[in-house]
Every structure is written in structure tokens, then in C-alpha cells.
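Okay, structure first, notes after.
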Amino acid sequence: MKYLTILGSTGSIGTSTLTVIKQNPDKFTVRALVAKNNFTLMTKQCLDFRPSWVGMVDKRAARELKANLAQLGIAINIISGNQAACELAALKEIDTVMAAIAGVDGLLSTLSALRAGKRVLLANKESLVSCGRLFMNEVHQHNAQLLPVDSEHNAIFQILPEPIQRQLGCLSLSKYGVSQIILTGSGGPFRQTPLDALATITSDQACIHPNWSMGRKISVDSATMMNKGLEYIEARCLFNASTDQIEVLLHPQSIFHSMVRYVDGSVLAQLAYPDMRIPITYALSYPTRVPIKVTPLNFLQLGTLSFDQPDNKRYPCLQLAIEASKLGQAATTTLNAANEVAVAAFLQRKIRFTDIASVNQMVLDKINLEEPSSIEEVLCIDRQARINAHLSIRYLAL
């Protein structure tokens, strides 16, 4: 039996995780749930899973939740505020944490879980993008275990040699016969949209992904392929890969979730229909496998599967991320922060879709490339990048 805290339980990954847990009650028990402010859904989750603890970042939402649970006659410990997630990520009574709070907001609670030596299922890619080697050092220093949940990194993890799985970020890929990691991406909803029409894309259009059901921020990142760029950076950290050891390919059907090329000419791949419950289940149950109710892959019905190179003119954010990864940690931290601000501004209709890349480029052009030596320095870089991003947005709005 594994005992869990779910960070971000009311989000897309959190709700999918709870679906998997509900199908395997003999293997997983929820001890704590954490969310920002969705007390309505949290009430239902408490009713279904009866955790011992709940954390709500928003204090008003915590009060509403407490009132709802009192009416239902359910007694649960409720804490609130910015430290709630950190406290519940380090509970003594749990061994596993699903880190699914989006953005850099999820960094501190994920670090709290690592420092408590927990098994961390990482769905928050921004933690690695922002902190890189410093983040991986926390994993090793505190004897924690890190398992990737992103479908691409989870796929890569599944088809890498076991020693690399056991010591993520430490071992040489080439020593174990790996010549290249191939990250796949659908290209999002605008893969065939005329380039001159991209500036008029609305936030609602950008949030409709052709294959995946996701939150609004990650849907926009998928449309710009910044999501793939962040995954490129994350893959370098997780798998100790050089820029020459990672390739990005467009794969519109999202059946091949990633591939690993070996020195003997073999290419191993993980295939499945697009469904986040599959990588979530693998991460939850690793190193074993447990059953879940998903549609099995039917090769006779797949039809044509295609691959292509990404177009840098269509996806400038992807190229920005690749270039930032070559510059170092200060650049990737800056890019991640700038992108979060830019995407939020786009969703609020303050800038155009094509301005997201412009904001990211403008902020990167201003950075001080001195590398951070601590998490605190990372957070300082993050704050400065956000300030510069807001200034860039004001400039574009003139």
C-alpha cells in the first residue's frame, strides 16, 4: 500500500490521479489533498476519498470547505495559506507525493517533499526547468525518488535501462548504449494554420488541443510548442543528456509518446492513445504495473502515423527554449518565468498569441547570465524575469 499526498488535486493531473487511485483502492490510499481555491470540487474529493488532511492555499476557500464538510458531517484537518502545500508534502504518514501544482508555484512544495525523502511523482516540469541541477541535487542529497509523469518523459523513463531509471540525472547515456532521445509533440492546434493568421488566434482557440485534455496554461504552451521546449530542458536534467542527445519531432497523432535510439541501431518507443492516466498509473505503481480502465491501442484502426521537423517560424518558443538550455540555468529560469507571465497576459487578452514569443525573447535579451548557486538565487532570477516580462507586455501594448 502506498500513502499519498496529491498536490494540485483539483487540476487536470490531480483529478486523473484520483481516478486511477479509485480503480486501485487496495494499492493506494490518499492521506492529504492540496488545492488553491476550488472548494466545490475539493468537497467532492473529500467525500470520495476521506483524506486525513486538506490544504487550501486560499484562506476564504478553506473556510468555505470547512463549512461544506461540517454540513456533510465529515471531520478532516484543514490548513490554509502558502505553507499548506509544503507541510502536507512532508507528512510523516505518507511515502508518495504527486507534484501537480502548475508553474513555479509548485516548486517549494515539491522541494519540501524531496527534502522529506519522499517518492515524488513529478508533473510540475517548471520545478526542473527553473532549478535544473540544483533540483536534482536535492533529490540525491535527501535520498528521495523522482518519477516523471509528463507523458513524454514517462515514456522515455520506461524504455531506458534500469540503472538510469534508478539514478536519474547521474549516469552517462552513452555508457548504457543510448545514442539519442527523441521527444515527440503533436504541434498543437495551429500546426497547419497560415503563419499570417497566428496573430489573430484567440485564447479559446488556443485552449482546444486536438489530442489531449489539459489545463488552459499548458494548452497554450502546447499551441506555441513552449511546452515541448520546457520538456526539452527537463529531459536534459532528468536524463543527463547533452543537446546532441535530444531531438524533437512533430507527431500529430500523439501515439508515439517518445523514443530512445540505441547505438546498435535499435529504436525503442512507448505507444498508447493520448491519456494521462497511463503515465500516472505507471509512476504510481513503479516498478510494478497495475490495471486501469483505458482504451487499448488498436493497431488496425490507427491509420497513418506521421513525423516531421518543427518549423522555427511557426514555433519560435521551442527554439528559444533550446537556445536557453545551451546558455544555462539563469536563462531557463528566466524563460520559464517570462513565459508564465506572457501566457497569463494572453489568456487575459492583454497581448496577441504571437506576442508570447516576443515577450519571452525581450526578457531573455535582458538577463544577467550569472548562474545561480542556490534555490534562493533561482527565485531572485525568477522574480526579476517576471518584472521584466510585465514591462515588456506594457511596451507591446503601447
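From the backbone N, Cα and C atoms, a Cβ is placed for every residue, glycine too.
Thr10 (NADPH binding site) falls outside any helix or strand according to DSSP and counts as coil. Annotation source Swiss-Prot lists NADPH binding site at Thr10, Gly11, Ser12, Ile13, Asn38, Asn124, Glu126, Gly215.
DSSP assigns Glu152 (1-deoxy-D-xylulose 5-phosphate binding site) to a helix in the three-state reduction. Sequence annotations record features per position, and here Swiss-Prot assigns 1-deoxy-D-xylulose 5-phosphate binding site to Lys125, Ser151, Glu152, Ser186, His209, Ser222, Asn227, Lys228, Glu231.
Shown in sequence order, Leu183, Thr184, Gly185, Glu231, Ala235, His257, Ser258 are the residues of the chain, 6+ apart in sequence, with a C-beta less than 8 angstroms from the C-beta of Glu152 (1-deoxy-D-xylulose 5-phosphate binding site). Positions annotated as Mn(2+) binding site by Swiss-Prot, on the basis of sequence analysis: Asp150, Glu152, Glu231.
Lys125 (1-deoxy-D-xylulose 5-phosphate binding site) and Asn38 (NADPH binding site) have their C-alpha atoms 22 Å apart, to the nearest angstrom. DSSP gives Glu231 (1-deoxy-D-xylulose 5-phosphate binding site) a helix state. Across the residues annotated as binding NADPH (Thr10, Gly11, Ser12, Ile13, Asn38, Asn124, Glu126, Gly215), the widest Cα-Cα separation comes to 22 Å.
Note on proximity: among Asp150, His209, Asn227, the binding-site residues of the record, the Cα nearest Gly215 (NADPH binding site) is that of His209.
Ranking the binding-site residues Thr10, Asn38, Asn227 by C-beta neighbours within 10 Å puts Asn227 at the top.
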